[in-house]
Each structure stands twice: as structure tokens, then as C-alpha cells.
């Protein structure tokens with residue numbers, strides 16, 4: 001009997017069973033209160049020490065440890081209080097087994113949360129852009145492995161041998177292996193996309209003949225939003241087998257134009273075309289002139305090759321600049337009287353008086 005209840009029993013006559021119940025209740029109340037006080041004191045002491053020494057403390061990890069300590073402490077105090085209760089038989093055995101299972105669950109969840117927090121910090125330091133996607137991919141696998149390892153340790157603690165466990169899993173593993181071929185392949189492709197990072201959410205890509213923006217990268221497929229506004233869902237296997245063009249991952253976009261003029265254009269005007277295109281592109285903000293040369297004597301035109309650059313990876317911005325360049329070139333050529341060529345054919349008919357057509 002506790003020191004707290006001994007004076008009370010001497011003053012108020014109560015039965016031994018009632019005293020045992022009061023003893024159990026006092027143990028549970030004082031024990032839980034002591035656990036909470038110790039946990040709070042430790043947490044505040046760690047935070048105060050961190051402020052004084054200016055050491056960075058992860059409050060999330062501290063909260064995880066605090067909650068686990070509280071839960072394990074409450075369970076321990078509950079078992080300690082139950083031992084003082086006037087109960088006999090199988091109830092004690094059931095309580096101890098249930099408490100051991102609950103403690104194991106709390107410990108496994110603690111290890112899970114700490115591992116995921118550590119992985120999140122490692123990924124954020126390596127690459128802050130891909131850490132949410134990477135964490136989303138690895139979190140289920142890490143949780144499953146830790147839970148399996150925890151269950152095996154608990155079974156070993158309860159006296160179940162690993163040989164029996166592995167023998168039971170071996171038979172089911174063959175069937176699961178055939179059933180999980182497709183999901184395993186999809187998950188492997190998902191990890192390949194996350195690790196290789198050919199694109200990320202929000203970037204504009206070209207898949208086959210589709211130009212679309214990446215909206216979501218799922219476990220089995222990637223959702224795209226085309227320039228027409230349509231949602232395009234493509235499996236990871238098809239994406240990895242195709243040639244992808246990442247239109248957003250271009251620090252300096254290069255645009256090439258072929259300008260065709262007629263053969264009737266005078267030579268002095270032909271010599272002015274490179275300088276004319278230079279003036280046009282230089283007058284437009286966001287465009288940098290590269291070169292302009294007469295490259296080809298085509299069947300029905302003289303072809304100039306114009307190259308200019310846009311120091312921006314925004315595809316829509318590049319289209320706007322291209323539109324303005326085209327309009328200004330048409331205007332400048334019109335003022336100079338330069339005619340654009342188009343496919344033409346000339347047919348020459350020779351009169352022959354010796355040929356009679358009936």
C-alpha cells in the first residue's frame with residue numbers, strides 16, 4: 001500500500017479490495033502525471049539549452065519523441081496500476097500482452113516518423129524541387145519495410161522462430177511475385193522518372209507530336225495538359241520509351257527561320273537583307289541576333305537562313321517573340337519592295353509550224 005493511502009486507511013476503515021482499487025487508481029494518476037511532468041521538463045530544458053547555445057533543433061523530431069515518450073509512459077503506468085488492482089486470472093496476461101503489442105506499435109511508428117523526417121531533410125538538401133515527389137515515392141516502401149521488420153522482431157520476442165516465418169512467406173511469395181509484376185514495373189518506372197528527372201511538374205514538354213505542360217506525376221502515369229486544354233494521361237513506360245523534348249529546360253532558346261525571296265530580287269537588295277534582319281531583331285526586346293546568310297539556290301527561291309536567340313526558357317514568351325519578329329520582317333520587306341517566294345512553275349510553249357494537230 002502506498003504512503004499516500006496508509007494514513008487514509010488508518011482514519012477511514014475500508015476493505016482491502018477497496019484499498020487495492022484506490023491504490024491502483026493512485027498509481028495511475030500519479031504515474032501519468034509524473035510521466036507528463038518529466039517529458040515536459042525534458043522538452044523545455046532541451047529547447048532552452050538550444051536557445052542559449054544557438055543550436056538548431058528540429059521541433060518536429062522533438063515533438064515525435066515527446067509523443068512517443070508520453071504514450072509509452074502512460075502504457076507503463078497503466079500496467080503498473082493494474083498490478084495493484086484486485087484481479088486474478090487471465091486478465092493480467094491479456095493486459096500484459098496487449099500492452100506489449102501497443103508499445104511495439106508505438107516504437108515502430110516512432111522509427112517510421114524519424115526515418116521519414118531524416119529522408120525529407122536529406123532530399124531537401126540534395127534537391128529542394130524534387131523532395132516532395134521523392135518522399136511521396138519512398139515513404140510507402142520505407143513504412144512497409146519498417147513494419148515488416150518490427151513484426152518479425154515482435155514475433156521473435158514472442159518465441160516464434162524465423163524459420164517458421166520464412167517458410168510461411170516462401171509459399172505466398174511465389175504467387176505474389178507473379179501478381180505484382182505489373183505494379184513493380186510501374187513503380188520502377190516511377191522511381192526512374194523521379195531519379196533521372198527528365199521533367200518536373202509545371203514544365204512544358206513535347207511528347208511525340210503533343211506539346212503539353214506537366215500537371216501531375218503519379219505512381220503509374222503522368223498527367224499532361226496540352227496547349228489546346230486537353231488532359232493527356234500517359235503511362236510511365238510509354239514516356240520512358242519515347243523521345244521527350246523538355247521545352248522549359250532551355251537557358252537560351254535558338255530559333256531558326258528560312259526566308260525565301262524571288263530570283264528577281266536585285267543583288268544590292270539581297271546584300272541588304274542580313275543587315276535588315278539584324279535591325280528588325282535588335283529593335284525587339286528579348287531577342288538576340290545570331291546570323292543571316294544566303295544558304296541555298298532552291299528551285300523557285302533564294303533561301304536565307306536566319307538565326308536568333310531568346311534568353312528565356314518560357315515557351316509562350318518565345319512564341320510571342322517569334323510572332324513579333326515575323327511581323328516586323330514582313331513589314332520591313334514590304335517597305336523595301338522585297339517579294340517572298342512561293343513554289344511556282346513556268347511552262348514554255350514553243351510554236352512549231354511543222355506540227356499539225358487534227
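We count from 1, first residue shown onward.
Glycine is no exception: its Cβ is also placed from the backbone N, Cα and C atoms.
Remote same-chain residues near the transmembrane segment (28-48) are listed as 4, 57, 62, 66, 69-70, 73-74, 76-78, 80-81 (criterion: CB distance under 8 Å, separation of at least six residues from the stretch ends). Marked as transmembrane segment by TrEMBL: 28-48 (among others).
Sequence annotations record features per position, and here TrEMBL assigns transmembrane segment to 60-82 (among others).
Residues or ranges marked as transmembrane segment in TrEMBL: 135-155 (among others).
Marked as domain 'Mechanosensitive ion channel transmembrane helices 2/3' by TrEMBL: 142-181.
As annotated by TrEMBL, transmembrane segment applies to 161-180 (among others).
The feature domain 'Mechanosensitive ion channel MscS' is assigned by TrEMBL to 185-247.
Taking DSSP states H, G and I as helix and E and B as strand, the domain 'Mechanosensitive ion channel MscS C-terminal' (258-340) has 38 helix, 24 strand, 21 coil. According to TrEMBL, the domain 'Mechanosensitive ion channel MscS C-terminal' annotation covers 258-340.
Proximity of distant same-chain residues to the transmembrane segment (135-155), defined by a Cβ-Cβ separation under 8 Å and at least 6 residues beyond the stretch ends, is recorded for 100-101, 104, 107-108, 111-112, 115-116, 119-120, 123, 162, 165, 190-191, 194, 219.
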